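Q: Starting off with a structure, shown below.
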Amino acid sequence: MEVEIRLGSVRYPFRLGTDCLGAIVEDLVAMSASRLLIVCDSNTGPLFGAELVERLSPRVPANLLIHRAGEPYKDLQAVGTLADSALQLGADRASVVVAVGGGVIGNIAGLMAALLFRGIRLVHIPTSLIAMSDSVLSLKQAVNACVGKNLMGTFYAPESVLADTAMLRSLPFRETVSGLCEVVKNSLAIRPSMVEMLRTSLRQDAVYDDETMYEIISESILAKASVTVDDMHECRAGLVLEYGHTVGHAIEYTAAGGLSHGQAIGLGMVVAAEVSHRLGHLDQEAVALHRELLTRAGAMVTIPEEVDLDEVMHRLRFDNKRGYLADPAESSAMVLLGGLGEPLWHDGRPLVSVPMALVGEVVNEIARPEIPNFELVAPVETVEEGRVPDTVGAADG
């Protein structure tokens with residue numbers, strides 16, 4: 001499958017297949033790069049990066065650059081360290097940065113490509129579900145600041161995305177669920193026609209065959225493309241992709257690696273749905289659907305007690321959507337839904353100014369829920385986050 005990703009005036013191909021590493025190698029060789037800089041983390045390097053370099057090296061200069069895995073290490077220091085290594089290896093303007101990993105490596109390598117020589121070519125080889133179905137469908141390349149997530153970065157387009165669903169077979173439970181939470185987001189906020197497919201396909205054990213993964217990724221591509229085609233900087237219609245991210249980012253940052261990105265966003269969606277319901281916009285059936293789909297995906301819908309709720313509320317003040325609305329001092333700009341696939345708009349953007357007191361009230365209740373969690377009619381065994389059912393491997397989400 002090949003689709004053209006359209007983000008405003010930007011176009012690039014997304015090639016999706018299964019067991020297609022040979023084709024990926026041919027695509028990379030065809031770029032006639034002076035050097036291929038294969039950027040991985042400490043998980044994806046041994047799993048995929050080493051084999052890529054081995055296959056490429058007889059035909060084109062290729063080097064493996066490995067960074068420590070994990071969201072806590074997504075910062076400017078990582079970008080600088082990897083860029084210095086690339087330059088010492090002989091990188092020049094004709095080199096290509098190849099990001100092999102999940103969302104973290106994609107952002108680090110993407111920002112590195114944008115900065116080296118003021119911009120060299122970039123290719124994404126996503127190895128996680130969250131990357132294949134979400135992060136590579138964007139021009140955003142960003143790293144974290146000391147006060148919050150994704151506060152330093154730029155917009156930079158890849159030459160192409162080359163994806164092999166076979167790479168998802170090594171994905172741990174935690175990272176599969178992480179990606180599925182973003183897929184659920186796309187269905188609830190953008191493409192409700194996906195809901196019945198997800199109800200049928202989602203599994204609490206997070207074990208999927210290649211065909212199901214292919215369908216899930218394909219549907220997510222269509223969902224995301226529909227709101228970014230005329231909004232390459234994701235500052236108007238594309239802001240709907242931030243659904244669940246206001247509180248979700250704050251939870252993720254506070255958890256300091258204890259929760260995956262997608263799991264935190266899932267919790268952020270539960271908060272956003274309940275906030276919208278209390279403001280009189282979203283009906284209870286739609287709120288319950290949030291919990292149902294997340295539960296079916298194997299995600300938690302209660303904020304863990306280890307997460308410091310006061311710190312979560314503090315981190316909301318550093319959300320990367322600040323400034324889009326003329327927010328009162330004690331409020332937060334959030335993407336809220338008035339119905340499935342129906343974000344609420346204000347001043348030309350799908351954002352609503354919400355009192356911080358209401359957000360805090362809902363956050364506290366979801367951490368110590370009086371609202372019952374959704375229970376499947378025919379429950380199956382739930383695998384705890386972090387447990388790897390069969391295979392060990394990873395991408396970084």
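The backbone N, Cα and C atoms fix where each Cβ goes, glycine too.
These numbers come from a predicted model, not from an experiment.
As annotated by Swiss-Prot, active site applies to K140, E242. Per Swiss-Prot, NAD(+) binding site is recorded for D41, 71-74, 103-107, 127-128, 138-140, 149-150. The Co(2+) binding site annotation in Swiss-Prot covers E182, H245, H261.
Looking at the shown structure, can you explain where the listed features end up?
A: DSSP assigns K140 (active site) to a strand segment in the three-state reduction. Residues within less than 8 Å, Cβ to Cβ, of K140 (active site) and separated from it by at least 6 positions along the same chain comprise N107, N150, G153, F155, E234.
DSSP assigns E242 (active site) to a helical segment in the three-state reduction. In sequence order, E234, K321, V335 are the residues near E242 (active site), counting only same-chain partners six or more apart with C-beta under 8 A.
Cβ-based neighbour count (10 Å, all protein chains) for N107 (NAD(+) binding site) stands at 27. In the three-state DSSP classification, N107 (NAD(+) binding site) falls within a helix.
Non-local neighbourhood of H245 (Co(2+) binding site): I265, G268, V335, each in the same chain, at least six residues away, with C-beta under 8 Å from its C-beta.
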Q: Out of K149, H261, which of the binding-site residues is least crowded by other Cβ atoms within 10 Å?
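A: Among the binding-site residues K149, H261, the sparsest Cβ neighbourhood within 10 Å belongs to K149.
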Q: Determine which residues of this chain, when E182, H245, H261 are set aside, have a Cβ within 8 Å of the centroid of the Co(2+) site's Cβ atoms, and list them as they appear in the sequence.
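A: Output for this site, in sequence order: I130, D134, S178, C181, K185, G244, G248, H249, E252, G262, A264, I265, G268.
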Q: Between the Cα atoms of K149 (NAD(+) binding site) and E182 (Co(2+) binding site), what distance do you get, rounded to the nearest Å?
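A: Cα to Cα, K149 (NAD(+) binding site) and E182 (Co(2+) binding site) are separated by 17 Å.
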